[in-house]
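Right, one structure below, let's go through it.
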Amino acid sequence: MIRRQKYGDEIAKAQVLIEALPYIKKFSGKTVVIKYGGSAMLDCNLKRMVMQDIVLMKFVGLNPIVVHGGGPEINKMLERLGIESKFVNGLRVTDEATMEIVEMVLTGRINKEIVSLINELGGQAIGVSGKDGRLLKAEKDTSNGDIGYVGKIVDVNIDVITMMLEKGYIPVIAPTSFGDDGKTYNVNADTAAGKIAEALKAEKLILLTDVEGILSNINDKSSLISRMDLEHAKEFMNSGRINGGMIPKLECCIKAVENGVKRAHIIDGRLTHSLLLEIFTDEGIGTMIGKECFDDDNL
């Protein structure tokens, strides 16, 4: 009894590792696409913890791919330059001046910061944009009217990503994309992550957000829906109970699962080590979406 009390903390840590074991075994060698954004990009401690999670995932045999946004940083830069930020259904209205700022912030600052932090923590990351190696081909998105240089992805060059994964690197992707018209397009990072996950037939697509997940009542944080099948997700999407930035998130999760991704997750990136909690624990922390009902596991 004395020894159990003395080593209580160590035993608890061992139990955590034991709980994670079946998940590590199941997901070894599998690809996980992570959309990194929201408050987890602004808080230095959270930023470091997210990257620690990603490096750990790599070390235990998963193949993480990071697709990042940068909305708050872009907003700050636009405000500094006196340019107003406008959104339609969660998508940024992007004129030529805004597109220049978006590309500068995403590829020139945020992408390199993420790569540097992963490398500092012992991983090996390579940062690219959707324009590099013709990774993400886009065309003008007019589904919400003309909102400028906003693109929808029409092709993903998976050879570029596969090459990095095979060499042991963690790809870090900024979602600025190229068009056959020679123009650069701003693609919503959630949508880009979903398209990349679809193209790779990834095991998981995980979107880090600033909410607990999908709530049945947006005013009640305890109303988290932990699991949804496709039918439920589509019904919820069409119910009008979500708005703003959650629209493209749920939409891309639905499309990803329809097109070969096994599970899509919307989780709270404000929580410490949220990625590890969602992937390697029995309960998970956010909303998981799959093709059919799941009864007894988080796999």
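Just so you know, the numbers here start at 1 and follow the chain as drawn.
Backbone N, Cα and C atoms are what each Cβ position is placed from, and that goes for glycine too.
Same-chain residues at least 6 positions away in sequence with a Cβ under 8 Å from that of Asn186 (substrate binding site) are, in sequence order, Arg92, Thr94, Thr98, Met99, Val102, Glu103, Gly148, Tyr149, Val150, Gly151, Pro175, Thr176. For Gly70, Gly71, Arg92, Asn186, the entry in Swiss-Prot reads substrate binding site, with the evidence type sequence analysis.
The Cβ of Lys35 (site 'Transition state stabilizer') lies under 8 Å from the Cβ of Val67, His68, Gly69, Ala189, Asp190, Ala192, Ala193, Leu205, Ile206, Leu207, Leu208, each of which sits 6+ residues away along the same chain. According to Swiss-Prot, the feature site 'Transition state stabilizer' maps to Lys35 (among others), an assignment based on sequence analysis.
Annotated site 'Transition state stabilizer' per Swiss-Prot: Lys249 (among others), in sequence order. Neighbour count (other Cβ atoms within 10 Å of the Cβ, all protein chains): 27 for Lys249 (site 'Transition state stabilizer').
Recorded residues Lys249 (site 'Transition state stabilizer') and Gly70 (substrate binding site) have their alpha carbons 15 Å apart, per Cα-Cα distance.
By neighbour count, meaning other C-beta atoms within 10 Å, the densest spot among the binding-site residues Gly70, Gly71 is Gly70.
Within the set Gly70, Gly71, Arg92, Asn186 that the record links to substrate, no two Cα atoms are more than 12 Å apart, and one pair reaches that distance.
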